[in-house]
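A.B. asks: Below is one structure. I have some questions about it.
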């Protein structure tokens, strides 16, 4: 039992939906913490609104509540479960803020719940900018000259006093939200207004900018007896001024002298002792590169993105140990899981280099402002391990899946040196390639060091890589001797990079390696630099020393992971990979995971029998397959990242379980797929590929507007649009053909129908559909951005029977063994197929949890030859549950400047929440509250600007909202419509009219909700865009689909916010 005998039942708060700044790392830390508590015999109650996580599986905690993370709902859970303790530091900023609110509102005291681990007082000292600064002054730790402000005037006065540039850091926000660097008064006004609104306590710290100093982080652990250790120190290649989540980070630090290292280590220990941390904590410093002067930037008094990285970089499980410390254990009483001999009070030592590179979402958002600053914009990250910096760095570049295998980037070849210089000085996501191009043109690296603040050590390494690339370009394959090739491999060059420079194929380089037997050896991550024998099967490749892998003769399967989190391919795929591994283990099969994402559960070293932390490229994966010789490889659960390897593995004669390359081709190749549907007698929306504007207008006439247009090769609906007339279509096609004239544009009849989706399992004879899901928004909104309902609410028995029949026909005709995802449209009583994915999709975790069918487990067994009839869940459609569950998308558009907010066929959401209720309206209410979409309890003002196609549909919704007390403000057209219907409305001037106009009332937050249905193709598109952006940046709700507004109105009519009897449901029953 734990040392503190009073702890029997602990409430753990999760981090909610995935947003930029708070991603899968909290699923990893939360899962670890729950398992650590359970291993001590403690009852664990979990509340988290995110259904896509492993953490919310019924095996992870004893009671699981997928409920909104708000005071009212968490209080309901506490009242029902009566936990004696609360563990706050596992749910990121969301969990921390909620714990502070529960304490301040008296709820914890009312139910007699103690906070274990880091106390609320310590959290406040770490998070409240003023308390933290005062404490630093008390213990003599230097902080940057700063001022706490709570209004605009005080901020402008302070900036004038200390001089620009100044850094703005709001209190209690996530990923630097609302912060930034202001170079002048105008910029400061904008950033400060946003920061004061986003801070939960309306407090912002303004500090003198030390842009250009080094940024260094220490990950520190402390127990309640005051024992402290530093787990890992990390150095950002990018200097202060770029958020650490958007920086390339290296561990351990490469450029600190021993004196600097010890000085900052001592400071971190002083700080966490003073704050009184019990558990893990991250301390960030800025260090003057030219002296020993340093300053404390901030601390995170909880597990964080950096602690997930430190855990994976060292093999030291920070979250697990933080949970044990919360129970009263000391660091000297907890065994190191990797060595089983040493204790947690041993500081890890690293005999390798780790590099983390962020993954940004700009491929989804062409118009976005890509400049990096103190506000985080990356959705995910990759990590790479190497024997030296160059190796880890080049592995990292090819792990990003941006089609780059070296530092050579065609885009920058055309740029002038002055243009390259401006990119490097105002960095964006591609700055590293611009920097390499400058070096390629013999720009002096000491001058690059002066303009960027990047340390000479890193610039020298990058220069070496660029020089080798140039040397290869001037050589032929005959010039490549054994020594040179071996040296390039040691430094991380891939076969493809070498081949591209030599203008030969990667196979040619591979053959040379084979002849000279230049093969990778795999080293173990062992926490102790090889001093003790390690038991962790956690490996990375190098071309250096001897091999540490023991290859068994057992039956074994390799599961390919999904790589970094991005829009369209999120944590859902990690969920599927982990469940696949668990299913294989139950069958007694040795499991091996290959993945490169440090935030996820799949890369926790005790999930699989072996973990290879490697890039998911053809070469890196093949090396592991050749080493391990598995009985099969599973690609179905790793999203597009894994599916992309199918053809390559087929060419190498490697067995893939479940889906084959030919089956993928049949579903993804438009012509083959059309032929298949024709043969099976299944309808799809009419359409074809067109090659010119004239042909497009002709086809649209034949199909009749509206039509759906999109480029032919896309993922996540990139570049799709619905056009309503010739003007809109012409505008789209002119732009599309200007961007790419080599491929056709697909044009389909747009059916304004109901969208239906299924994830099914097929064994080649029968299929099982765990549940038929219905989308709330009509077709045309990407399935990942739609509210999804299960059981379906409006689908007739006839259509359900058609869904089953079509799914069965398709699965059997394609020859699926395992998973298939199909999307349908029901239009005027007919069913049409719009898309088939022969793999797990992003709805798998949701439908698994709400139907109770362990989809991935069953699909894995089927891939290995089991039949559905033997597995205990029947065939065809599984029985529907009593409760209704909705999945509501969550967006991070606020964090990405200049990005479109309106919903359409291109996916934009980063995460999701679940709402569970006795009926659909109850479920929707909880879903909207959990996704922060529910308008305020005080029925406020709605700003409505509705386009001409939508006015008739908008009117009855407006009447309902007016009946519960909402007031309307609208521009002339919508205003006339509402007045005529007898709805009270105030008219507001349009953007191009005199002030105060529509934009001013949004900027001054004089409304509570903006309803704007976008028009396309003309200038009002820009007006609508400006209004939507202004609203999102000021934390106002924005709704662009009337189906969503209809649902909100239905929920409002029920007056749930006055109803105190809403139940919370434990889904682990």
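From the backbone N, Cα and C atoms, a Cβ is placed for every residue, glycine too.
Pasting the feature list from Swiss-Prot:
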- 133-327: domain 'ATP-grasp 1' (DOMAIN)
- 298, 300: Mn(2+) 2 binding site (BINDING)
- 402-549: region 'Oligomerization domain' (REGION)
- 674-864: domain 'ATP-grasp 2' (DOMAIN)
- 823, 835: Mn(2+) 3 binding site (BINDING)
- 835, 837: Mn(2+) 4 binding site (BINDING)
- 932-1069: domain 'MGS-like' (DOMAIN)
A.B. asks: In the domain 'MGS-like' (932-1069), how many residues does DSSP put in helix, strand and coil?
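C.D. replies: Helix, strand, coil within the domain 'MGS-like' (932-1069): 60 helix, 22 strand, 56 coil.
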A.B. asks: Between residue 837 (Mn(2+) 4 binding site) and residue 823 (Mn(2+) 3 binding site), what is the CA-CA distance rounded to a whole number of Å?
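C.D. replies: Here the two Cα atoms are 9 Å apart.
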A.B. asks: So, by DSSP, how many helix, strand and coil residues make up the region 'Oligomerization domain' (402-549)?
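C.D. replies: Summed over the region 'Oligomerization domain' (402-549), the classes give 80 helix, 10 strand, 58 coil.
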A.B. asks: Mind giving me a neighbour count for residue 300 (Mn(2+) 2 binding site)? Other Cβ atoms within 10 Å of its Cβ, every protein chain shown.
C.D. replies: 22
A.B. asks: Do you know offhand how many angstrom separate residue 835 (Mn(2+) 3 binding site) and residue 300 (Mn(2+) 2 binding site) by C-alpha?
C.D. replies: 44
A.B. asks: Inside 10 Å of the Cβ of residue 298 (Mn(2+) 2 binding site), count up the other Cβ atoms and send me the figure.
C.D. replies: 16
A.B. asks: Can you tell me the mean pLDDT for the region 'Oligomerization domain' (402-549)?
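C.D. replies: Across the residues of the region 'Oligomerization domain' (402-549) the model's pLDDT averages 94 on the 0 to 100 scale.
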A.B. asks: What is the number of other Cβ atoms found within 10 Å of the Cβ of residue 837 (Mn(2+) 4 binding site)?
C.D. replies: 21
A.B. asks: Would you mind ranking the binding-site residues 823, 835 by how many other Cβ atoms sit within 10 Å of each Cβ and giving me the lowest?
C.D. replies: 835
A.B. asks: Using the alpha carbons only, what distance in Å do you get between residue 823 (Mn(2+) 3 binding site) and residue 300 (Mn(2+) 2 binding site) once rounded?
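C.D. replies: For residue 823 (Mn(2+) 3 binding site) versus residue 300 (Mn(2+) 2 binding site), the Cα atoms are 42 Å apart.
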